[in-house]
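Asker: Pasting a structure below so you can have a look.
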Amino acid sequence: MTATPEKAQAPHKLFDLNVLAELLPCTTKLADLDFKPKGIVLSGGSLDLNHPRLTPIGPFSVYEDGAPHADPAFFDLPDTPILGVCYGLQEIAWRLASDNVIAGTEREYGYADLTPDRHGSHVDRLFEGIDGSIQVPAPRGLRHHRHDPQLPYAAIAHKDKPIFGIQAHPEVSHTPRGIELLKNFAVNICGARQHWSMSSFCEQEILRIRNLVGPNAQVIGAVSGGVDSTVAAKLMTEAIGDRFHAVLVDNGLMRLNECQQVKETLAEHLGISLTVVDASQRFLGALKGIEEPETKRKIIGNLFIDIFEEEAIRIEKEAEHTPNAGKVQWTHHNVGGLPQRMIDGQGLKLIEPLRELFKDEVRELGRQLGVHEDLVMRHPFPGPGIGVRIIGECTPERVEIARQADHIYIEMIREAGLYNEISQAYAGLDTSQAVGVMGDKRYMGYIVILRAVQTTDFMTAEAYPFDMKFLNKVAVRIVNEVQGISLVTYNVTSKPPGTIELQ
Ligand code: XMP
């Protein structure tokens with residue numbers, strides 16, 4: 001299941017200011033809004049939320065063929081300020097090209113500071129209270145934009161209207177003072193009130209889901225034991241009780257004791273109606289002899305959908321025979337990833353309760369709903385599980401070896417008090433044979449690849465700087481306690497060019 005991304009869009013960062021923001025497609029028509037916005041943020045190009053790796057999909061320039069554009073009516077709204085970020089800045093410049101857009105600052109900035117030129121212009125309002133420079137991540141695309149003589153600017157403002165643009169991303173953690181800039185926009189310029197809270201969101205979302213589903217319909221949803229699907233399942237259960245059916249597909253590629261833990265947490269602790277489908281033999285059987293990474297991913301993904309579909313049909317049949325139980329009409333999924341054929345084929349409708357939220361918000365919502373802190377702070381785990389953490393064929397024996405090594409590693413990270421400092425960690429397996437010596441005997445075993453990264457957005461990541469003594473202890477324990485391993489390595493590659501998973 002695709003993980004919710006970290007805050008990667010400016011509107012969501014506004015939640016940190018307790019300002020209510022709604023994320024809408026940039027092509028939304030003003031006439032379709034059922035509220036009057038206090039202000040509008042045109043955010044940067046987007047991520048492909050349906051792609052397991054959250055690939056940036058742009059658009060990268062407003063001049064691209066088919067690039068989406070905002071409804072021009074927004075620009076004519078009286079007294080409704082607009083802030084364009086990156087692509088949004090381009091959109092403003094493109095839309096108002098014939099109008100009077102002036103530059104607040106013009107400078108060549110690499111990995112550097114952005115110092116607003118004080119023109120006594122509107123753009124000053126965006127930088128109010130920010131003396132000197134603000135550090136910004138140098139957008140890679142800037143050079144590209146510089147081909148365009150209309151856009152050599154890092155920040156712009158309209159001469160008369162409250163329309164602003166900034167090329168850098170104020171919402172990302174690499175712009176430490178970006179939040180002040182967003183506050184200037186949302187609170188000072190738009191006059192937004194700072195009264196949004198996660199508990200009010202939670203209450204409203206429960207009511208929204210209840211109304212959407214109606215009094216009789218049943219809902220099914222896949223869970224994995226990760227924070228996103230658990231929080232979504234808990235929210236659904238709060239809204240409609242046991243008319244929500246959670247399904248955990250055990251693909252045989254989960255972590256040590258994970259299936260049992262999910263059962264305990266979801267069913268016993270959180271009161272979620274849960275069915276566990278043990279499909280490990282089917283998955284491992286289908287993966288037999290397969291080495292190519294993308295083929296492995298496809299097999300796992302397709303089989304998951306087949307099994308989830310079978311379960312949906314089974315639950316629907318059961319519901320038909322239960323007095324007063326309505327039809328299964330809805331499926332929940334956190335973000336993307338469900339094929340259209342399931343929606344079309346079974347006539348199901350899709351609920352995505354976390355679609356609006358980003359990782360830290362999902363965590364906060366989880367806390368509101370009583371999800372235990374250990375689960376709330378759990379590192380993300382990919383849908384294909386250990387399958388993408390084994391280089392080579394995933395035989396049951398290899399999966400078990402990777403599972404044991406991972407368990408030791410994570411346990412040691414927890415014991416060292418490092419778990420919450422690290423964004424994601426695991427032990428993967430290279431199934432090449434490496435030589436080792438035990439006593440006076442040489443033996444061949446697999447290679448364990450330890451990974452631990454720090455990241456805020458999972459698009460870029462740095463290897464965690466462990467103390468060598470810690471790594472030595474991990475290596476000793478893994479080689480001694482897990483049979484079949486002769487060598488332990490630590491993967492220090494940052495992302496990019498590396499990825500977080502092995503395959
Ligand atoms: P990479 O390996 O692309 O991973 O650097 C970035 C983040 O995405 C997770 N990931 C996946 N999550 N299904 C998922 O649900 C997948 O197929 C998948 N592949 C990668 C990965 O764990 C990391 O958090």
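From the backbone N, Cα and C atoms, a Cβ is placed for every residue, glycine too.
TrEMBL feature annotations, pasted as is:
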- SER224, GLY225, GLY226, VAL227, ASP228, SER229, THR230: ATP binding site (BINDING)
- 196-378: domain 'GMPS ATP-PPase' (DOMAIN)
Asker: Counting across all protein chains present, how many other Cβ atoms fall within 10 Å of the Cβ of THR230 (ATP binding site)?
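Answerer: The answer is 27.
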Asker: Which binding-site residues of GLY225, GLY226, VAL227, SER229 contact ligand 1 in the sense of C-beta under 6 Å?
Answerer: none
Asker: Using DSSP and collapsing to three states, where does GLY225 (ATP binding site) fall: helix, strand or coil?
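Answerer: Going by the DSSP assignment, GLY225 (ATP binding site) belongs to neither helix nor strand, so it counts as coil.
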Asker: So what's the mean pLDDT when you look at the domain 'GMPS ATP-PPase' (196-378)?
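Answerer: Mean pLDDT for the domain 'GMPS ATP-PPase' (196-378): 89.
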Asker: Using a 10 Å cut-off, grab the number of neighbouring Cβ atoms around the Cβ of SER229 (ATP binding site), all chains included.
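Answerer: Within a 10 Å radius of the Cβ of SER229 (ATP binding site) lie 23 other Cβ atoms.
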